[in-house]
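Features of the protein shown, as given by Swiss-Prot:
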type	residues	note
BINDING	HIS80	Cu cation 1 binding site
BINDING	HIS82, HIS130	Cu cation 2 binding site
BINDING	HIS132	Cu cation 3 binding site
BINDING	HIS503	Cu cation 4 binding site
DOMAIN	31-150	domain 'Plastocyanin-like 1'
DOMAIN	469-588	domain 'Plastocyanin-like 3'
CARBOHYD	ASN76	N-linked glycosylation site
CARBOHYD	ASN228	N-linked glycosylation site
CARBOHYD	ASN283	N-linked glycosylation site
CARBOHYD	ASN396	N-linked glycosylation site
CARBOHYD	ASN478	N-linked glycosylation site
CARBOHYD	ASN520	N-linked glycosylation site
REGION	629-651	region 'Disordered'
SIGNAL	1-23	signal peptide
Amino acid sequence: MLTSPRLILLLLAWVFSALVASALVKKDWTITWEPGAPNGQERNMIKINNQFPGPTILCDEDDDIEVTVHNKMPFNTTVHWHGLERVNCVRMMGTPWSDGTPGMSQKPIEMGQSFIYRFKASPAGTHWYHSHSRATVLDGLYGPIFIRRKPDAPAPWHLISKEQADIDAMSRAVIDPKLVMVSDWTRFMSWEYMAAEESSGMAIFCSDSILVNGKGSLYCPDVDVLINHTSTYMKYGLYPRQVNDKGCFPFMRSTQGPYLTTGKPETIPLHLQHGCTPAEGTNETIEVDPADQWASLNFIGGATFKTIVFSVDEHDMWVYEVDGHYIVPQRVNTVHMYAGERYAVMIKLDKTPKDYTIRVADSGLTQVISAFATLRYKGGIQGSDSVGVIDYGGQNSTKDGSVITLDREHLPPYPPNPPARKADAMHVLSTHRWKSAWQYTMSGHGMYEEDRSAYGPLLYDPHSADAMDEGLVIRTKNGSWVDLVLQVGSLPGQPQEFPHMMHKHTGKTWQIGSGMGIWNYSSVEEAIAAEPHNFDLDTPKWRDTFVTSFDGSAWIVLRYQVTNPGPWLFHCHIETHLAGGMAIAILDGIDVWPQIPAEYGPDQRGFMPGTLPELESGGKQGTVDKQCPLLAVSPSGGPKKDSGETSASDSRWETLIRGLIQVLQGWLSDEASSRSS
């Protein structure tokens, strides 16, 4: 038990360290619904401060982030911070109220409302943010996050080059990367896309364009060209059918299961699945200075359902970071990237100064489609041709087939950080379609409805009926090690499923094993004894997004330690699969549930009691009836005259005072408990 003087000294030390070690990064975002044409084809879309993709959050590790979101759209929204842990330094307590997941950590941000998200910039690396309300990622609410590491963080540059000049150049490049956000785009609004799936009963994977940093075009090559660029694997699977004029694949059993014969594809609107109309937009140009010697390109998988492969003409890529964490670098020519994933690559700037094409294509699983960007050497020849290693369909285009692709199964973290050798609990999840081709269950016990608990978030009542549903909710204890076994292809007659990109909110997990067939083990230890070649407990992948197999019945085993109590969504990151019910809730650390600050009470939205902005309703087609007031919160809880008058130091003290109050409340609670016992 701490004495009062000792407690005061610790609090003062904490205040001092917080002041000197981190900065406050404040963002004020207005989210609107307005016309845009990122691929040359106009439609209404989501913008943040009139930008698409949204503004980049650039900060240093452990900075305090505060993002005030004003919803001026005619529908609800939230913002999720993908890859961030929502960990706070206050009594090792997390910030689950800022996760941005309706039904879990907050209520939806309604039309005309504002919400303040506050969290630590942790962990370092490449991340992104996106909407988590319905399927509106399809409408454009997303943007990049980059968190610079501390200067003394171990780095793997010596594994790429032994030359000190190269190591120094890479050390400079990593703190000023070129962010490359890759997304897919369609002329149809998210609700129109989902309505097409529901009415047809089909799982649809067709897009109009792939965008690079929000730019691209709608290409319509001849069908013969599209057929020629279809992968051999897909040609075999499609025979005797073939791709259509959009490069989209016909519906088949591997993607529709037994519901192929009962679907109604004729109800799908023209231009969604077929009917290509070209539109010309612009392509992204990324300029690099050859005097820098090396450049870091940080790719972000913001696609909603596309499986991407990318390359840079005439340049090898050293993959050194995966989902924000360093790995033992791999030298490659191509990288396959799935929804939600991030890959940072180093490239040496030692080629002839000119333009080189960055090729971004569907890997061949859902569509024959491509996008292009330009890597431009400063002072070089513009508009010049370059030689690629993949074609329009994302397939190997070299004469000798000598293309090195990232080995996704072997991504040892750098430095090594192996998990515990044994877990305390195991949960087996049977993931499969649920009564239709486009609806899914992640648990095997039912769909997780996209609006489930939206106005009764589990954070505020972890013992509600929704929170106690054992078919859709996992409950864990703080500090315990948990194994999640994901089984696909377990239903009779449905051995094959489209790959699912599984993402657990708040932090990374280890993939310690994977194998083909049906999981029939009572424990992971039993499985390791039977199939030791399918497990790795020494250098397993450590990331926040994992991909299941497309090759038939298969399983993967994920292991993590519960260190951040709160309600977290675990779901497939294919946006249409999530909207179709592919999720579960994990209530981590149910035995030490977080104390919720007053400003994050059920209806406070980050504002102290008594300072909430007046609720105003949104209008239609990107307009609102009135402007929402922008309101900053002072330490006393009263409103300031104008948010622009709030200095960083004022807000820093605001944060510190809030933290001190929470520490004191916790200490007093501990004191009372110890005295009563």
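Each Cβ is built from the backbone N, Cα and C atoms, and glycine gets one as well.
Location within the structure of each feature annotated in Swiss-Prot.
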residue : record                      : Cβ within 10 Å
HIS80   : Cu cation 1 binding site    : 26
HIS82   : Cu cation 2 binding site    : 24
HIS130  : Cu cation 2 binding site    : 24
HIS132  : Cu cation 3 binding site    : 28
ASN228  : N-linked glycosylation site : 15
ASN283  : N-linked glycosylation site : 16
ASN396  : N-linked glycosylation site : 17
ASN478  : N-linked glycosylation site : 15
HIS503  : Cu cation 4 binding site    : 24
ASN520  : N-linked glycosylation site : 9
Practice task
Using C-alpha atoms only, work out the spacing between ASN283 (N-linked glycosylation site) and the residue listed as 'Cu cation 3 binding site' and round it to an integer in Å.
Solution key: 28
Exercise for the section: Determine, from DSSP, whether ASN396 (N-linked glycosylation site) sits in helix, strand or coil. Expected result: strand
Exercise for the section: Around the Cβ of ASN76 (N-linked glycosylation site), how many other Cβ atoms lie within 10 Å? Please give the count over every shown protein chain. Expected result: 20
Completion exercise
Looking only at the recorded positions ASN76, HIS80, HIS82, ASN396, ASN520, HIS132 (Cu cation 3 binding site) has its closest CA neighbour at HIS80
Fill in the blank from the handout: Cα-Cα, the residue listed as 'Cu cation 4 binding site' versus ASN228 (N-linked glycosylation site), nearest Å, comes out at 35
Handout entry: Candidates HIS130, ASN396, ASN478 (recorded positions) with Cα within 10 Å of the residue listed as 'Cu cation 1 binding site'
Key = HIS130
Practice task
Helix, strand, coil: count each for the residues of the domain 'Plastocyanin-like 3' (469-588), based on DSSP.
Solution key: 15 helix, 51 strand, 54 coil
Exercise for the section: Could you put numbers on the helix, strand and coil content of the domain 'Plastocyanin-like 1' (31-150), residue by residue per DSSP? Expected result: 10 helix, 56 strand, 54 coil
Handout entry: Separation of alpha carbons, ASN478 (N-linked glycosylation site) and ASN396 (N-linked glycosylation site) (Å)
Key = 47
Exercise for the section: Specify the nearest of the glycosylation sites ASN76, ASN228, ASN478, ASN520 to HIS82 (Cu cation 2 binding site), where nearness means the distance between Cα atoms. Expected result: ASN76
Problem - Top Cα neighbour of ASN76 (N-linked glycosylation site) in the set of recorded positions HIS130, ASN228, ASN478, ASN520 - result: HIS130
Exercise for the section: Write down the Cα-Cα distance for HIS130 (Cu cation 2 binding site) and ASN478 (N-linked glycosylation site), rounded and given in Å. Expected result: 28
Handout entry: Assigned element (helix, strand, coil) containing ASN228 (N-linked glycosylation site), judged by DSSP
Key = helix
